[in-house]
Amino acid sequence: MRGVVSQLKRLGIRGIVLGMACAIAGCGQWASSFSPTGTDLSSMGRGVDFYLKDTEGTPRPLRSFRGKVLVLFFGFTNCPDVCPTTLARAAQVKRALGADAAQVQFAFATLDPQRDVPNVLRTYVKAFDPDFIGLTGSEGEIRVAADNLKVVYAKVPMGKTYTIDHSTRSFVFDREGKLRVGLTHEQTVETVAADIRQVLALQ
């Protein structure tokens, strides 16, 4: 009888070990299935948030985009190169997504609220695609939003005017408002569309 009990104990321990191994393998398989070309920012989780408003004056905190995947970029309308090329690529990505584009919202947050007043910002973003939205706020609100996403920017004097130096990463949030991917400026339309589709596939 004692031998049977010992054997059962050994089997029980072995089952626990095997179960743990399977669970670990399963978790690893799930993690490896999410492999964007851009930077995986899932570890930042829900610690990222922002409270801005759109060009109609409607408050647009991060939670207001829930139910859709959000693709967010920070820039300014007087930007000579990175901003227009990023928005032009976003318009191409939207077309490449086809029917999936209905589940995605593209947004452009200004770093220059002094010059990017609502009508200027609205006209600018909608020139790339009528479904794109502009986001703005006070200097403080924009700074908090940018800092939360580690967006680096600074006003640089240019004679009687100024420009803004800023980082070029775009951000992809899932339907629950969790940050998932950092898109680089160098990515192609195809790889950006593929990264967005991976986020759309997350449950």
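Heads up, the Cβ atoms here are built off N, Cα and C, so glycines get one too.
Note that this is a predicted model, so its numbers are computed, not measured.
For Cys83, the disulfide partner named by TrEMBL from the candidate list Cys27, Cys79 is Cys79. Same-chain residues that are not part of Cys79, Cys83, His166 yet have a Cβ within 8 Å of the Cβ center of the Cu cation site turn out to be Phe74, Gly75, Phe76, Asp81, Val82, Thr86, Leu111, Ile164, Thr168. In this view, the densest Cβ surroundings among the binding-site residues Cys79, Cys83 belong to Cys83, judged by other Cβ atoms lying within 10 Å.
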